[in-house]
Amino acid sequence: MASSIPSLRSISKFAFGGAQLLLGSGSRVLGGTPATCSNPQLSCQNTTAVSDLCCFNAPGGQLLQTQFWDTNPSTGPSNSWTVHGLWPDHCDGTFDSNCDPNRAYTNITSILQSFGKTDLLSYMNTYWKDYQGDDESFWEHEWGKHGTCISTLSPSCYTNYQPTEEAVDFFQKTVDLFKTLPSYDWLSAAGIVPSTSATYTSAQIQSALGANRGGLAVTLGCSSDALDEIWYHFDVRGSVQTGTFVATNPDGSKSTCPSTGIKYLPKSGAPASSSGSGS
């Protein structure tokens, strides 16, 4: 059952233009083989129903790579945003959640280790952080709520499927995508830096991020007028595992930041040697 998205996701939809920016697909993980997709269609852009949901993401056709900026308490390096998740939205701003309780895995660390994904796990331990300090539960939540709703990650979409490998693909793809979206660096290059006194406008932040994405908008999240979330929106040509992510505008007006007076508060703690999403 589709549901409306609370807080950021509850604001009514309005239409954006159709400009898009191509992003290449990431590497595959070890395990079985996902479906081979010949001339796949771009999600959210079809005019007729597509039956092969191993090569076409539906109904969650718009994929959101979401990022956090937590300052109280601070999480992650002081010079990088952190991973929130990868969410499959319907193309109208609604979404499904917790689609397969039988695959709501509760041992993400062990799953990644069993597939030899030690580098991925190490990266997640630095950049995919829970503000309450329970990273494992956070990862389980993101997979169970959102990952199980991605149609192309269905076990039936794999040849020689190995149990839980679709979850490994989910975390690998989310991190690979995050690394192409260095929010801290993009904002800093435009003079938007964490400060206890400076404020910024929504237009300034959108311009700084859009300059690196063909002018496309993002969804901005604020708490008490302080910037703390960015959602990057994509349609996908083919599967999440092997397809091409195509940057697009949000599927509705969801930002919760004011037009002016936005704070971008500094984190405490040490910086990373290089900001996470740019490394």
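Numbers here mean position along the shown chain, with the first residue as 1.
Each Cβ is built from the backbone N, Cα and C atoms, and glycine gets one as well.
A TrEMBL annotation is a machine prediction, not a hand-curated record.
If you look up TrEMBL, you'll see His84, Glu142, His146 marked as active site. What TrEMBL lists as compositional bias 'Low complexity' is 268-279. Annotated region 'Disordered' per TrEMBL: 251-279, in sequence order.
Cβ neighbour density within 10 Å is lowest for His84 among the active-site residues His84, His146. Residue pair His84 (active site) / His146 (active site) shows a Cα separation of 11 Å. There are 22 other CB atoms within 10 A of the CB of Glu142 (active site), with all protein chains counted.
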